[in-house]
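Here is what TrEMBL says about this protein:
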- Gly230, Ala231, Ala232, Gly233, Ser234, Gly235, Lys236, Thr237: ATP binding site (BINDING)
- 209-601: domain 'UvrD-like helicase ATP-binding' (DOMAIN)
Amino acid sequence: MPDSIKAHEQEHLDAVVTKIKTAEKDAKQRIDVAEDDEAGIRKNFVNDLRIKTDSYEGLLETALSVRQQQQLLAERQNSWQHATTELSTIQRLEKKAYFARIDFQEGPTAKTETIYIGLGSFSDTPDHFLIYDWRAPISSIYYDGELGNVSYQTPDGEQTVDVKLKRQFQIEDGTIVTLYDTDQTVTDQMLLSALSEHSDTKMKSIVTTIQKEQNQIIRDTKSDLLFVQGAAGSGKTAAILQRVAFLLYRYRGHLTAGQVMLFSPNQLFNDYIDQVLPELGEHNMVQMTYYQYAGRRLPKIDVETLAQRFGETNTPAQKKISQLKGSLAFFDAVTAYADQLESSDMVFRNIKFQGKVFIDKEKIQEIYYSFNRNYHLGNRLQATKEALIRILNRRITSEMKTKWVEETIQDMSKEQLDTLYGEEPREFDSSEKEMQFLSRKVVMQAFDPIRKAIVRARFLSINNQYVHMLRNLPSRIDLAHEGISIADWNTSVEESIGKLKDHHMQLVDTTPYLYLYDKMTGKGGERDMRYVFMDEIQDYNAFQLAFLKFSFPRARFTMLGDLNQAIFTKENSRTLLQELSTMFDPDKTRVIQLTQSYRSTQQVTDFTKHILKNGEAVTAFAREGELPTMTLAADEAAGLNRVIDQIKQNEEEDETTAIIGKDLADCRELTEKLKAAGVAVTLIQSENQRLAPGTIVVPSFLAKGLEFDGVIVWQASASRYAAEDERQLLYTICSRAMHRLSIIGIGEFSPLLSDVPSDEYEMI
Ligand SMILES: Nc1ncnc2c1ncn2[C@@H]1O[C@H](COP(=O)(O)OP(=O)(O)OP(=O)(O)O)[C@@H](O)[C@H]1O
């Protein structure tokens, strides 16, 4: 690139930065003015207020005057908010105004236009954009194509332009460090330098280097279901975060961050990604793990944790039953069961008062089933509540005459009586009337818990209903066809009952339980949620997906996963895709596959894909690094020494490191030994723990979605990873490494590593 071009671009940048600085001053001034105005209004609020209370007109005038002042305040706050948002964009642009330039022609005779693309828009006059936001429709051409004809989507349809020049910049503090034209051979230069950076405890945005296939994910606005199957490290997570930023931009004014929800694999992951959207000038979306989502609705039940689930050893029969409970067939069976509750089988509980039955369950049942067939579960329940409240109200008068009421009033202290009278005037025609007044109050107070119980539908019994449903299931599903015997099913029902009595529940039961509850109570789901993102989809079952679709009826779904990393559902994940395809309209479903892995060096990616049986679907990005190392230690002590040496080396070279063990027990033991040897590490024990700086020790099932410069696989031994269905787990662990992978086995290496050719690692 000739120096003259660089000098010319620097001149252009300087001119833009000067304008940015002017705009910055201007925004600051507007903020000051808005703040001064607001303070002034608040200070003079009382002085300016015209308070007149002597007439109706006077009162109205006062109210209007208050309203006026409030409106003034709201306007000032609005302009303050506006100027503050603008200022934060401007300040971001001041250091790195843009990262790309595109020259294009809209038609053969049109004149060539030049645009610059950055993290936000900037214009000096309303129609004159000096910088285009990376999410603007036109910016898409930077990501989508090479030179020549490129199409992009605008709100009015597709547009095609002839791209003449694509130039990338690296700018630091207002100075162009490097620039490349992508028709030269350095197309991937920027990506390469982005990927060569060291890993951090926080994920960064990838806006400057979004790849073509990722751009399709980011900008999709048509699909109800966008399904992304992507290899480890292919940028699925990165793409969805930029997608959220894109959607918030595209639908600004109609969509807020609160209407976007991300289901993530664990809390550590939430921590890891929580800077990306703020970095892009957007608010974070609602973020939750499925476990938190379900658990939040079951405050009285201990739902099985990830560690417990991981440690579960199930008999073949239990496995089959769990599989069934997670299937679409089971979802359909629960739906059919719930529909049938409209005509029979709803289980009721007595409503009690002072230890005695107040309204018995037979009566409730009679009311519930007295409404005609047009009443579905939701309105049937509502009508029942109303009828029960009417019964309650009628009972007030008769209850007022009972002895306990009279006694209660007699036993009351003066203060208690005063509270009972409340603010109302104490003028009664007779003492009888007064007694009546007090009795009514006493009864109403005493009945309050009943009223609440009715309103909260406590006369329903979700636990009993769930058990009833489980018992009833063999009449709805052909268990023999699923390879489940009636005896095994009955045993599992008894187990579920035992757990429920103990306030415990397996994860596989929680979703059918919540779904049944929602059906019984006629809940229609959260209609306000517009976009639901689910990462690591392979760890969900079809029932959960169907339930989420039911729970967010107006949302569009983006699901991302890697069937090769199905560490919980293992082989079943393949049927998941098939079941998923029946849930959404095929015309509104889009499947995108990402095969290029960006996280790791060529050496690490090549190594890890040999762990998979079908590893050919993963392509390494050509970034050179060292070969992974494998060490076979004779015993634990020797293995431990090797870990210590590796940690030392990684720390000296400033490489973030995770030591990944198979389960919590292994990780605890290793942490203690490391600490005893004077090596500082943090043990991550649960999905709710925060991510810590420095070297961490983490069990395999919590390492999902994270990445580190270096990964030390602790105990990659035959004693830990031998079963065929642990391939995906071992793959997931190894694929967390960006450029240094150190495998340590004790006694004998895991047979799952035996397909790795010996020239793809170094034995040490
Ligand atoms: N276009 C890109 N430009 C720069 N970096 C990228 C790009 N795409 C992905 N990366 C980087 O590659 C790494 C892996 O990306 P990410 O975590 O999104 O992958 P993933 O598909 O979610 O992986 P996994 O399924 O293994 O968790 C991240 O550090 C991310 O920043």
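Note that Cβ sites are derived from N, Cα and C of the backbone, with glycine treated the same way.
Keep in mind that what you see is a predicted model, and the values were worked out from it rather than measured.
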For the recorded ATP site, enumerate neighbouring residues of the same chain (Cβ within 8 Å of the Cβ centroid of Gly230, Ala231, Ala232, Gly233, Ser234, Gly235, Lys236, Thr237, site residues themselves excluded), in sequence order.
Ala238, Asp562, Leu594, Ser597, Tyr598, Arg599
List the same-chain residues at least 6 positions away in sequence whose Cβ sits under 8 Å from the Cβ of Gly230 (ATP binding site), in sequence order, or say none.
Lys236, Leu560, Gly561, Asp562, Gln593, Leu594, Thr595
Hey, does DSSP put Ala231 (ATP binding site) in a helix, a strand, or just coil?
coil
Select one residue from Ala231, Ala232: among these binding-site residues, choose the one with the most other Cβ atoms within 10 Å of its Cβ.
Ala231
Lys236 (ATP binding site), number of other Cβ atoms within 10 Å:
26
Name, in the order they occur in the sequence, the residues of the same chain whose CB lies under 8 A from the CB of Ser234 (ATP binding site) and which sit 6 or more residues away.
Asp562, Leu594, Thr595, Gln596, Ser597, Tyr598
Which chain-mates of Gly235 (ATP binding site) that are at least 6 residues away have a CB under 8 A from its CB, listed by sequence?
Ile206, Gln211, Gln214, Leu594, Tyr598
Over the span of the domain 'UvrD-like helicase ATP-binding' (209-601), how high is the average pLDDT in this prediction?
88
